[in-house]
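Notes follow once the structure below has been shown.
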Amino acid sequence: MIYADVIIDISHEKLDRDFQYRVPEELVQAIKPGVVVTVPFGKGNTLRKGYVTGISGTAKYDASKLKEIRGVSTDSETTESRLIALAAWMKETYGSTMIQALKTVLPVKDKVRAKEKRLILFTGKKEEGQALLGKLEGSRFKARERFLRAILEAGSLDYTYASKELGAGISVLDFFEKKGLITIESQEMYRIPEGLGLVKENMELSLNQEQLLAAEQIFREWQEPDPRPALLFGVTGSGKTQVYMRLIQKVLEEGKQAIVLIPEIALTYQTVRRFYAMFGDKVSVLNSRLSQGERYDQFKRAKRGEIQVMVGPRSALFTPFSDLGLIVIDEEHEPTYKSENTPRYHARETAIERARMEHARVVMGSATPSLEAYSHACDGEYLLVKLNARYEERPLPQVSIVDLREELKKGNRSVLSLELKRDLEQVLERREQAMLFLNRRGYAGFVSCRACGHVMKCPHCDVSLSEHNGNRLICHYCGYETVKPEICPSCGSPHIGGFKAGTQQIEKVIEKEFPKARVLRMDFDTTRTKDSYEKILASFAKHEADILVGTQMIVKGHDFPNVTLVGVIAADLSLNMDDYHCGERTFQLLTQAVGRSGRGNRPGQAVIQTYQPEHYSIQAAAIQDYKKFYKEEMGYRMLLDYPPAAHMMTVFGACQDEELLKNAMYYIEVFIRRVGPKEELHMIGPAAASVGKVKDVYRQVIRLKHRDICFLTAVREKLEKYIEINSGFRKIYIQFDMN
DNA sequence: AGCACGCCGACT
DNA sequence: GTCGGCGTGCTC
């Protein structure tokens, strides 16, 4: 006997697990994971739609109580089934359960949202209602009386309000509905993402010579029977968006739809606005702050054909368009395209797979392509399209690298080098603007001992604590809080203090050094509220401030023509992360930051402060030389077998019990040695993850590297089975990550 | 979500 | 005692 695991629709959180069903003989051939089936469900055996997530030969539930699958949905050409196929691919490629994959790919209805939108209208005769109310008054039907009184007064009621506040459940509503007094309307009130102030401007698309050529080159590729993904490699300001819009125009003319992926709405507001201006209400914008229900609404609109272009972050990739023609990936190199949750898919790879399945095309763009994308472009797997001219032929800013070690020798302990300080003075004198950029990620202003080097860390999470308001130390992972010690807990030295590297500290230093300058600060703290991000940028654009201090978020978005100086406070902050991408990230951030200077008609300059001035990421960024960087970085990846030179798989394990976790990871290691390829497999670990402990849960990783991804996938599949069979892994949370 | 079960208040 | 509304919990 064959049994199938089926999840019933995806509509309710309590139903988001699988139920086992018997597979009738005649359907054995047709049933495989991902197939849409009809099954009897619940007490009344109402027929419902379900998705097969797995097949097995054993019943894990009382076999006599199992029901039988009724039928298989045969229309394999629906949008939904194509997305399910994509989920199956993600499961295979990234390692996850089918349920997890389906849940990322299919729109999940949100119960609360769906209910909120239901409206109860009083549609009967007023007199009839009044008469009934009279009868109900003083009777035992309290709920009915309450409800009727309320609806007679208001004319219509919100469903949630009626059931929650008035206690009028289904039975009450049924009573009135049968009498013909009310109708329940499930209103489809779509929420247009608010706060963006988007307007259609009927703008004409005009491309310059180079942009036209780029578009032509891509169109020519599209003539091919099997068009390759195109990588649009263009420096900042070369007008990649113009090219995207031309491509989308063409796709729309063909009667197809397009998806535009962007790293984050807030950071690419300008781009979003231009799409809206161009395509008007054909466009919908998916905001990462939208609730699942709101996202569901937008997806529904797409499915019904009410919109043709979906602009949004990573998850917009799964927009259920019926005839998808193009997927655009803007700023392709951004790390936000990699999902943090299982399945840990990469939007670029998944977009290419979806496009392959649905005969759509992929175009991605970047000024600093990821090594993965550029290497594919070099070996001809992607079409490489270049845009060289910077907008109106502006020269690149003049960049100087300041060695901070030398500053210390000169006795300068400030966060500002003498050179940067002098340049700032000149900019202020010329009444121009400057941006100071702090490329810190995560660890803000940690406290360390100057004498012994001891760093204050969270006892639960193993990350550096950050200093807030001078005397409190806070853990950014779990919120643990303690008082800043007066002396070093490790060696007793009084020389313990903050590493002056937070945006607040820089702001203070600037205010002290340049009391007349107007300073704006933009970081996580000052952009909490919805449109504070826009407000700060707009204010800076209007020259209401002279200096803008901020984290990576200031290097994207707006053009500030009056900015002629960009200062990078400490390039090392992103260079010393324990992640093989850090050289690449640093190069990208510095290139972007430097590119912010001199966007107007005055020449720009940039100062990069660092303790490692000889590092190739910094050197290459200073002269804006991508190829030089690529060669160096690729050499490094080849040497150490990091992607894209090889493939890497991370086995991540987490458990409250440290001993248990250690044992489990050890068994995994032994198992891999036994079943894995004997040749050319590099295994690192088990080791504590970069954050070894979060909220008292221990975390460990094993990394595997191999030139051929097939071997890694094979190891993963064997490991998945091994873990499922052995009860010793029950209490351990295991996750896989490819690359 | 939708259905049955069962508690509990009101009426015969 | 009995009837039926309305809250609760389960669905392979």
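Cβ atoms are placed via backbone N, Cα and C, with glycine included.
Some features that TrEMBL has for this protein:
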BINDING   A:Cys449, A:Cys452, A:Cys488, A:Cys491  Zn(2+) 1 binding site
BINDING   A:Cys458, A:Cys461, A:Cys475, A:Cys478  Zn(2+) 2 binding site
DOMAIN    A:221-387  domain 'Helicase ATP-binding'
DOMAIN    A:483-634  domain 'Helicase C-terminal'
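Positions of TrEMBL features highlighted on the structure.
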{"residue": "A:Cys458", "record": "Zn(2+) 2 binding site", "DSSP (3 states)": "coil"}
{"residue": "A:Cys475", "record": "Zn(2+) 2 binding site", "DSSP (3 states)": "coil"}
{"residue": "A:Cys488", "record": "Zn(2+) 1 binding site", "DSSP (3 states)": "coil"}
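Cα separation, A:Cys488 (Zn(2+) 1 binding site) to A:Cys458 (Zn(2+) 2 binding site), rounded: 15 Å.
Using a 10 Å radius centred on the Cβ of A:Cys475 (Zn(2+) 2 binding site) and all shown protein chains, the other Cβ atoms total 22. In the structure shown, the C-beta of A:Cys458 has more C-beta neighbours within 10 angstroms than that of any other entry among the binding-site residues A:Cys458, A:Cys488, A:Cys491. Model confidence over the domain 'Helicase C-terminal' (A:483-634) stands at 86, taken as the mean pLDDT rounded to a whole number.
When the alpha carbons of A:Cys475 (Zn(2+) 2 binding site) and A:Cys491 (Zn(2+) 1 binding site) are compared, the span between them is 22 angstrom. Separation of the C-alpha atoms of A:Cys491 (Zn(2+) 1 binding site) and A:Cys458 (Zn(2+) 2 binding site): 18 Å, rounded to the nearest whole number.
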